[in-house]
Amino acid sequence: MKKVLRNVQMLNEQGELQTVNIAMADGKITAIGQEVTVVNAEVIEGNGLIVAPGFVDVHTHLREPGFEHKETIATGSASAAKGGFTTICAMPNTKPVPDSVENMQLINGLIKESAVIRVLPYGSLTKDISGEVRTNVEELKAYGAVAFSDDGVGIQLASTMYEQMKDAAKHDMVVVAHCEDNSLIYDGVMHEGKRNKELDLPGIPSICESVQIARDVLLAEAAGARYHVCHVSTKESVRAVRDAKAAGIRVTAEVCPHHLLLEEMDIPSDDANWKMNPPLRGADDKDSLHAALLDGTIDCIATDHAPHTVEEKCCGMVGAPFGIVGFETAFPLLYTQFVETGKWTLKQLIDWMSVKAAEIFDLPYGTLAVGASADMILIDIQKEQTIDAEGFVSKGRNTPFNGWVAKGWPVLTIFEGNIVYQEAE
């Protein structure tokens, strides 16, 4: 079916808005311009709203298979679509883990059956995410692994990481790491700083993260591997990534919205909806993350969408699982706090959430161009509303942003030329 998205505002390379029409057919963009018309096409009225590429999230947790009480591929992908995402990469901490061809085929089948957008599964670096027996990179790549990670835990043995990096390098695959030295966690539930002492809660020191990044960038250099750092949260980690890039090591990094928006002193009480890993750090860490994003040390923004049940998150931090949801609030929160205030341009934010993320894994998504996949969203930058976790499409309600007021909401999401989310009238 031919379609035309009519009367929308699209950013050009200079960051200027131009009124265009966008034609689509067979899941691809066929024309972009002010005078685009297509005979016998379905017309989607853009009403002068901003059009952007569908967002790309390289770090998400969909929980299926194995933990469907927290989230499913259906609910998670629908939540992502509502937030403006059309491509998401699903981490392998499921049950079973995508550590074999059989398990990868199972997950691919579930995705094909339930996903409303593009879901690209990770393969695990080690069997059962144990950090011990390495997986077969070549086999898992052949069955659709977008990259390789044991996210949720850090790989403790340098030899395991090094050997798997060498194997990944042979097959031009990216190794993606949750960096955490288990010997430095100390059963912590939040950042080791001022606030954990005030709340009398065990803390996780910054060095727990940064020491493993420092190790891994040197391993990546020796292995000739491409290496991506998940959810950078400390100034020391930023320094390690910046130094590695300066040395020519093939490293990329992401930052999460919550680490840009919040710091440890914002935590109001012993509330598990404020518990995530890595934890909210100090104000100086947050400032360092901002600077790193602006200077290119950090490449993109990723949500680390991590849903849990209300029962799991209803009490204090000790004993509760780490993680918060992020799909449905990421763009409006960042737009309100940084674009509206003039700290970022709209183009910067959109790029960090789309094309810059796609480039990490050489994905051909996150752009609006003739021949590209017809993945796009409409954003109403004037729309303001209060975040209400009870209204989330995700099964997860675990967010520290409940009750925040934000502007700039995605109101329509198109994936491969089909509307997969539209705001109710």
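Cβ atoms here come from the backbone N, Cα and C positions, even for glycine.
In sequence order, His59, Thr60, His61, Cys230, His231, Cys256, Met276, Gly323, Ile324, Gly326 are the residues of the chain that are 6 or more apart from Asp304 (active site) and have a CB within less than 8 Å of its CB. In the three-state DSSP classification, Asp304 (active site) falls within coil. The active site annotation in Swiss-Prot covers Asp304, and the record cites sequence analysis as its basis.
Per Swiss-Prot, Zn(2+) 1 binding site is recorded for His59, His61, Asp151, Asp304, and the stated evidence type is sequence analysis. The number of other Cβ atoms within 10 Å of the Cβ belonging to His61 (Zn(2+) 1 binding site), over all protein chains shown, comes to 27.
Taken from Swiss-Prot, the feature substrate binding site applies to His61, Leu62, Arg63, Asn93, Asn277, His308, Phe322, Gly323. Counting every protein chain shown, the number of other Cβ atoms lying within 10 Å of the Cβ of His308 (substrate binding site) is 26.
Here the Cβ of His231 (Zn(2+) 2 binding site) has 22 other Cβ atoms within 10 Å, regardless of which shown protein chain they belong to. Residues annotated as Zn(2+) 2 binding site in Swiss-Prot, with sequence analysis given as evidence: Asp151, His178, His231.
Only Asn93, His178, from the binding-site residues Leu62, Asn93, His178, Phe322, place their Cα within 10 Å of the Cα belonging to Asp151 (Zn(2+) 1 binding site). For the recorded Zn(2+) 2 site, residues Asp151, His178, His231 set the reference point as the centre of their Cβ atoms, and the other residues of that chain within 8 Å of it by Cβ are His59, Met91, Ser149, Gly152, Val176, Ala177, Cys179, Cys230, Asn277, Asp304. Distance from the CA of His178 (Zn(2+) 2 binding site) to the CA of Asn93 (substrate binding site) is 12 Å. For the pair Phe322 (substrate binding site) and His178 (Zn(2+) 2 binding site), the C-alpha distance works out to 13 angstrom. The two recorded residues Arg63 (substrate binding site) and His178 (Zn(2+) 2 binding site) have their Cα atoms spaced 17 Å from each other.
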